[in-house]
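Asker: Can you read through this structure? Questions will come right after.
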Amino acid sequence: MERIESHNKDSKELAKQVLTWIAHAMRPLKASELQCALAVEIGTPAFDEENIPDLHRMISVCAGLVITEDESKTMRLVHYTAQEYFEDHPQALSSNCHNDILEVCVTYLSYDIFETGPCESAILFSARLESYALYEYASQDWAHHAYKSSVRATPLVMGLLQNQKKLDACYQAHTRNFGQWDECKRRYFKDKMITGLSFAACFGLEGPVAALLSAGADTESRVYRDGATPLSGAVIHGHGTVVKLLLENGANIEAKAYSNETPLHLAVKYKREAIVGLLVNSGADIEAKNGLRKTPLASAANAGNKSMASLLIENGADIEAKDYGGSTPLLFAAASGSVETVELLIDKGANIGVKSRIGHSLLSVAAMWGNAAVIKLLLNCGADINANDGGMTPLSTAIMRENPVVVDLLLKNGADIDARDIQEMTPLLSAVANGRIDMVELLLMNGANIEARDSQARTPLLFAVLKAAYRPGVEDHLIIELLLSRGANPEVEDNEHKTPRSVALEHKRGKIVELLDKFSTAIRESRLGSASYSSFRIGQSSISELDERIKFQKGKKPMHIQY
């Protein structure tokens, strides 16, 4: 910096401008963008290409602090310590670096060329981006610099915010990287896309917001795409002072946007706890329902946000309010996996026996989402471990979602291992149908009925053969061998008189036929446990070999090793 200070006035000024932009821009700038920025004359109506500085001179006056990346053509400081220095000592470059950048960006966006508004085709828009190097950066980041500089309602800023055509041109480029450009290509905007008040509110620009309100700006104006009001935008981005300012000027506290969400819904959704308190104290409807008929409390519970849920409950939120699917906040909390939120709701008196409209209990919801810690809490609170939810128990739900940890937890706490669903499927039948050998072995180790039949009289072994025939998987043969080794009867028939062997023959599964024939010779009247004595003699020697193959199949271990 001492070398830079020793330059003549013009060189010193150019160096500080270059360093200001590189150190304080919101993203790395291409050399062409920076050259364009340095050529802007504040307050002028058009760009003068004769002002563009020479790139080599821009680099040389910075006394070795700046380099250009060859591949990306971006400019950066030579070392991260230089970046840290200028972030910690911005006054070394300017009294207000962000304001300097802001004035350049707003001047650029206010050029007469943008008076035509947004482009009406992707080709025209691409051409505009190519022709005006600073257009994209200025559109996307001028408001960030405005916020960082605590900008007042200057004529320059107000001129852009109150010129609808230029603001729309700015907004078109602003939304390019925010998931809206596909929409832009399908439909170009004849009406205003966003108002100056909405733009200023979204970025927390208090001075401009106050000035626009004083000038009679419409507090109920909507953003084209999502219907958000200025209040919604301020809430989403956490600008509490602007929220208060808008409310004091008559903004509708119940105005809905997005999926019929009120500002209170949005404050909960985006975890703006201070704004939740502000809205509630300002009279927001705490029981308002969005498009799915969820209340703010349900949204907080769904996010597992204990502090937000507590705040809403303290302000009178209905702890049993149901959404479109009949779910209460407690059901949402169980799905979220937040033990603290579940505990809070139960402590506040929430009904632990609640079920959704389709019959899901708390335990089933927790099992569905694999939330073992919530399951433990619910069991300690007396939840029914065998609650039948439309033919499904928590255990069968865990099997369906293929979660062995939850399955093991439920079994250790007394879940009915042979409970049946509406198709008479037991957990073992479901595990076989899913092709999960780890859960098959876990269930067998815990005493699952190996000869249980579904509504069509199909046993787990027949299911395994059917799966290998129709939807073969890598573990099918191992599951078949495991079931046979544990005493499954290879000769039983279903309602259509099909046996495992007949199915294997029909589908030309020769290896399965050989395996079944091997174990068929072992069927005898005398039984030991669930296997015949002969099966025991044949099967016992093969179990250890089978376990080793299971152990190395896809890196999995047999259940008696893993658990």
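Using N, Cα and C of the backbone, Cβ positions are placed for all residues, glycine too.
So TrEMBL lists these for the protein:
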type: DOMAIN; residues: 10-87; note: domain 'GPI inositol-deacylase winged helix'
type: REPEAT; residues: 226-258; note: repeat 'ANK'
type: REPEAT; residues: 259-291; note: repeat 'ANK'
type: REPEAT; residues: 292-324; note: repeat 'ANK'
type: REPEAT; residues: 325-357; note: repeat 'ANK'
type: REPEAT; residues: 358-390; note: repeat 'ANK'
type: REPEAT; residues: 390-422; note: repeat 'ANK'
type: REPEAT; residues: 423-455; note: repeat 'ANK'
type: REPEAT; residues: 456-495; note: repeat 'ANK'
Asker: What else in the chain is close to the repeat 'ANK' (358-390), if you only count residues 6 or more beyond its ends and a Cβ gap under 8 Å?
Answerer: 325-326, 330-331, 333-339, 342-343, 346, 352, 397-398, 401, 403, 405-406, 409-410, 413-416, 419, 422
Asker: Using DSSP, what's the helix, strand and coil tally for the repeat 'ANK' (390-422)?
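Answerer: Residue counts in helix, strand and coil order: 16 helix, 1 strand, 16 coil.
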Asker: In terms of Cβ proximity under 8 Å, which residues at least six beyond the ends of the repeat 'ANK' (325-357) contact it?
Answerer: 292, 294-295, 297-306, 309-310, 313, 319, 365-366, 368-371, 373-374, 377-378, 381-384, 387, 389
Asker: Six or more residues beyond either end and a Cβ under 8 Å away: which residues meet both conditions relative to the repeat 'ANK' (226-258)?
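Answerer: Distant Cβ neighbours of the repeat 'ANK' (226-258) are 195, 197-198, 200-206, 209-210, 213, 219-220, 264, 266-267, 270, 272, 274-275, 278-279, 282-285, 288, 290.
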Asker: Treating G and I as helix alongside H, and B as strand alongside E, what does DSSP give for the domain 'GPI inositol-deacylase winged helix' (10-87) in helix, strand and coil?
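Answerer: Split by secondary structure, the domain 'GPI inositol-deacylase winged helix' (10-87) comes out as 41 helix, 9 strand, 28 coil.
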Asker: So what pLDDT does the repeat 'ANK' (358-390) average out to?
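Answerer: Mean pLDDT across the repeat 'ANK' (358-390) comes out at 91.
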